[in-house]
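Okay, structure first, notes after.
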């Protein structure tokens with residue numbers, strides 16, 4: 001498969017034709033045929049579809065050739081075609097349909113992406129929008145009535161986002177000097193607009209897409225399975241780390257052929273990388289090449305001399321340039337150095353040191369840039385780069401303690417394995433605890449870490465971690481990429497940069513996307529802030545242990561370092577001596593007043609010391625207590641207000657029922673005009689009179705009853721008083737007689 005890709009992508013291949021060559025395609029961005037205007041629109045019935053003919057004989061020849069070449073594998077492809085290919089055609093089928101529908105376009109135009117949408121005319125014409133590198137095309141077929149529209153990107157004056165019926169944001173308007181085209185019913189309007197705007201920008205700037213960038217867009221829109229065959233010779237596989245934000249410069253055919261041949265030969269002669277990482281020290285055997293005066297090239301495309309002397313000033317660069325031009329540099333080799341190999345090619349200098357511990361040429365530049373998302377960590381630590389790698393990417397006590405603090409459980413570390421492309425990867429499985437009320441309490445995570453083969457011990461490590469979180473809402477829509485870049489700054493200093501990117505497998509709706517990104521960025525910020533603080537604590541502990549060493553050990557280390565550097569005194573370069581001088585161990589004050597470098601500038605800023613962890617937790621607990629009290633008080637207040645509102649509504653309903661009886665007495669706005677209306681009014685008045693009379697009768701009746709009860713009570717009271725008077729008189733009489 002590897003050889004097949006090389007044979008397909010090489011521009012000097014015997015099978016490539018001028019019409020299909022991607023280089024000639026870029027250089028021959030010729031104007032369209034003469035019978036073609038800036039934008040054309042054709043409407044016709046399907047019975048005239050057979051009249052579509054190529055505008056030029058050359059196009060007809062190219063199509064006939066392509067059809068003949070595709071016949072060889074046509075039967076097999078039809079037999080092996082799955083049922084879902086009929087419902088979801090591949091990119092190859094889409095591109096063939098695009099060429100059949102728009103025969104008036106040049107054959108160099110290749111479909112990049114197509115979208116389902118509608119064109120607004122007298123009615124909405126539902127169809128598909130096709131985007132190529134220089135054209136916007138639309139095709140619709142409604143009840144066998146076809147509509148074709150082609151607009152050249154260079155002729156577009158403006159491109160704006162619009163709303164259907166001034167309410168639904170799913171439309172794009174494209175304006176030329178003479179016409180306006182309103183496309184609506186897009187499923188993902190913003191993504192479509194960004195693609196159209198990018199192609200329009202490239203067309204106006206006359207900077208066409210290079211083949212890798214074009215096929216990168218195709219893979220982004222249609223996935224990895226494009227349905228291509230060996231007949232598609234213009235296919236160029238994009239790199240995994242291909243950046244689509246830059247423009248590709250046009251390369252002459254001769255230069256491209258030379259580059260392709262040289263790259264092919266270098267791939268064929270490249271030895272397989274060992275499972276272990278390449279060492280930092282470079283022996284003389286790797287630097288010398290018999291029969292060639294070219295300097296070997298490192299992983300980032302720079303000569304090894306420039307890479308080794310990078311950051312040491314202009315004088316060292318001049319030495320490396322003089323070495324490349326073949327001028328001899330006098331160097332006195334140490335007598336007891338067994339690594340030097342004296343041969344005919346003595347112009348190439350050997351390594352500056354025979355020990356990997358004495359390299360202080362400056363900060364190493366990473367061979368990959370940061371991800372396009374966000375950068376959370378960019379810090380220099382007083383560890384060697386290998387020490388930092390052991391802390392983060394091995395089953396170290398630091399890693400276990402950190403995962404325990406993050407409340408990770410069911411942790412499974414799989415060993416590092418070497419892949420076919422030379423990279424090394426491993427898988428880590430664990431369970432995390434979630435605090436989001438909309439998510440479950442725990443979720444399983446699968447983290448795949450990939451260390452690129454260009455990583456070197458004691459120099460640079462670049463590791464990508466792909467994190468898949470299961471059991472969370474919309475977990476099948478997205479995944480996370482974290483890029484850890486570890487570079488050497490000095491002998492005992494290294495820089496850690498961590499950048500992250502959120503990638504989508506399926507495009508979510510706007511509200512869902514906002515929910516995902518909000519929780520994603522907040523969770524990662526907390527995680528990496530915790531990681532940085534734990535690394536700072538480990539750094540302070542490590543420095544404290546280093547300070548406990550005896551003075552004899554420090555003196556012996558200093559003398560050994562100086563002895564290793566003595567063989568390089570014959571270079572007589574003052575700046576090199578300063579760079580190669582012994583590195584002193586930083587003190588605690590250096591850690592306390594660390595200076596953080598801002599990426600992309602030379603400015604520095606002071607990082608204040610972190611507060612104690614206990615005080616921080618206490619302040620957080622107090623804050624949570626205050627928030628809970630406020631929430632409880634608010635709930636009680638809401639309950640009281642609801643009760644008051646209920647009471648007022650009940651009183652209002654009671655008052656309304658009481659006043660309904662008085663509605664008949666209100667003066668109407670107009671007097672009755674007919675006899676019927678007068679009769680209805682008199683009838684209502686009579687009913688109201690009878691009702692009121694009945695109420696008064698009941699009131700009088702109840703009053704009479706109360707008066708009778710009062711009368712009876714008074715009579716009983718009077719009788720009681722009389723009986724008492726009678727008994728008292730009789731007793732007095734008896735007393736008198738006795």
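Here the Cβ of each residue, glycine as well, is placed from N, Cα and C on the backbone.
Of the candidates 389, 461, 477, 484, Swiss-Prot records phosphotyrosine for 389; the remaining residues carry no such annotation there, which does not rule it out for them. Of the listed segments 206-253, 254-301, 302-349, 398-445, Swiss-Prot assigns region 'Disordered' to 254-301. Here Swiss-Prot gives transmembrane segment for one range in the set 623-643, 644-664, 665-685: that range is 623-643. Of 396, 581, the one with phosphoserine in Swiss-Prot is 581, while the others lack that note in the record, though it may still apply to them. Given the ranges 498-520, 521-543, 544-566, the record in Swiss-Prot names 544-566 as region 'Disordered'. For the residues 17, 585, Swiss-Prot attaches the annotation phosphothreonine to 585, which does not rule out the feature elsewhere. With a 10 A radius on its CB, residue 389 (phosphotyrosine) counts 23 other CB atoms from all the protein chains. On the 0 to 100 pLDDT scale, the model's mean across the domain 'VASt' (372-543) is 88.
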